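Undergrad: As listed in TrEMBL for this protein:
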type: BINDING; residues: Arg110, Lys150, 155-161, 185-188, Glu193, His216, 270-271; note: ATP binding site
type: DOMAIN; residues: 114-300; note: domain 'ATP-grasp'
Amino acid sequence: MPIANPAMPHTSTLGVFGGGQLGRMFCQAASALGYQTHVFAPEAGCPASQVADSHTQADYHDFAEVEAFARSVAAATLEFENVPVATVEAAGRHCPVRPSGEALFTVQNRGREKRFLIGVGVECAPFAMVRSNDELQAAIAQIGAPAVLKTTQFGYDGKGQTMVRDASQASDAWAYLGRHKCVLEGFVSFRRELSVVVARDSQGATSVCGPIENEHANHILDLSVYPASCSPATAAEARRVAVRVAHELDVVGVMCVEFFETEDGRVLVNEVAPRPHNSGHLTIEASPASQFEQQARTLAGLPLGDFTPRGPAAMANLLGDLWSEGEPNWDRATALGATVHLYGKTNPKPGRKMGHLTVQAGSPEEARTQAIAARSSLHSA
């Protein structure tokens, strides 16, 4: 595969597969570093295309367009992990694509991801692969209940999974997920959910942000707070494991490892995302170099920036539910010290991520409280 130059000139164009908010914020960060940006996404008027210099609107399986796109950029990255591996490989014949198709292949399938983690000595919840209702029954007998049944592919924000509270629910759970290949994971009784974002360059150097503490509502990330309230020992272990995963996957770019912290202080890997992460959005304001700047730096061959937040910060997601009474009053949030980021999406729907806000404060508790207050103010009288 072609190797990028150590540092690309600022006349270079950086490409991104995917047109959502992560691609949008990548383009904004790359532009701030002086680079041109080119988005490949099938959707017209997608969030990333609104801020990019160029947009190739084509299907990910249109390999003629994929290769033309790859020839037009110095290097390309991804904003989501479900870009087809064949697309990455086709582009990789003409430019460096980071992360690689090999890393993508591993994390696109929950079964492969779990086996990879176990193979490199990283602890995760007990699991079993399931291909039939009979195998599901056997897996429940092995792992126990409650457990979580997840499709092996295309799951995010709680989609593609369901709780199995006892063996009597197995058949319904199997049918609910479409009788596709699944992974049954033992239910983890956790103290808190954590994430660590790692930037890794082509020489293997890393820069780490986290752990960040995350709160979910209806399976969607609701709040992220830095620093997490876990012990220093737990924080150090989460960072160690995240860096280990980045090295073993040989990721060049930005990736996130999500963890469960158990009641006894262990950290179990929940998921790996080979891209910037929703919880890392707070780095835009809080860190000298945001996760998106780090993504652009690793792609362009620039030295990694300082990823450590300057102080406590909190991020609150802004879902389409907030538009139920019309356009929210953003001035109210900014008056309370929040910075608001909107993603350029139309047609707000309940549960759809339309933007986020970030607050910096003197303590993580204060940042969390202020972020909640800023979001709550949007429709106050």
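Glycine is no exception: its Cβ is also placed from the backbone N, Cα and C atoms.
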Undergrad: How would DSSP class Lys159 (ATP binding site) in three states?
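TA: Going by the DSSP assignment, Lys159 (ATP binding site) belongs to neither helix nor strand, so it counts as coil.
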Undergrad: Around the Cβ of Arg110 (ATP binding site), how many other Cβ atoms lie within 10 Å? Please give the count over every shown protein chain.
TA: 24
Undergrad: Within the chain of Glu185 (ATP binding site), which residues six or more apart in sequence place their C-beta under 8 angstroms from its C-beta?
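TA: Non-local contacts for Glu185 (ATP binding site): Ala125, Pro126, Phe127, Ile143, Ala147, Val148, Leu149, Lys150.
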Undergrad: Take the Cβ of Val188 (ATP binding site) and count every other Cβ within 10 Å, whichever protein chain it belongs to.
TA: 19
Undergrad: Where does Asn270 (ATP binding site) sit in DSSP terms: helix, strand, or coil?
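TA: DSSP assigns Asn270 (ATP binding site) to strand.
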Undergrad: In sequence order, which same-chain residues at least six apart have a C-beta under 8 angstroms from Asn270 (ATP binding site)?
TA: Cys124, Ala125, Val188, Glu193, Glu258, Phe259, Phe260
Undergrad: Once near-sequence residues are set aside, which residues in the chain of Lys159 (ATP binding site), 6 or more away, have Cβ atoms under 8 Å from its Cβ?
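TA: Listed in sequence order, they are His219.
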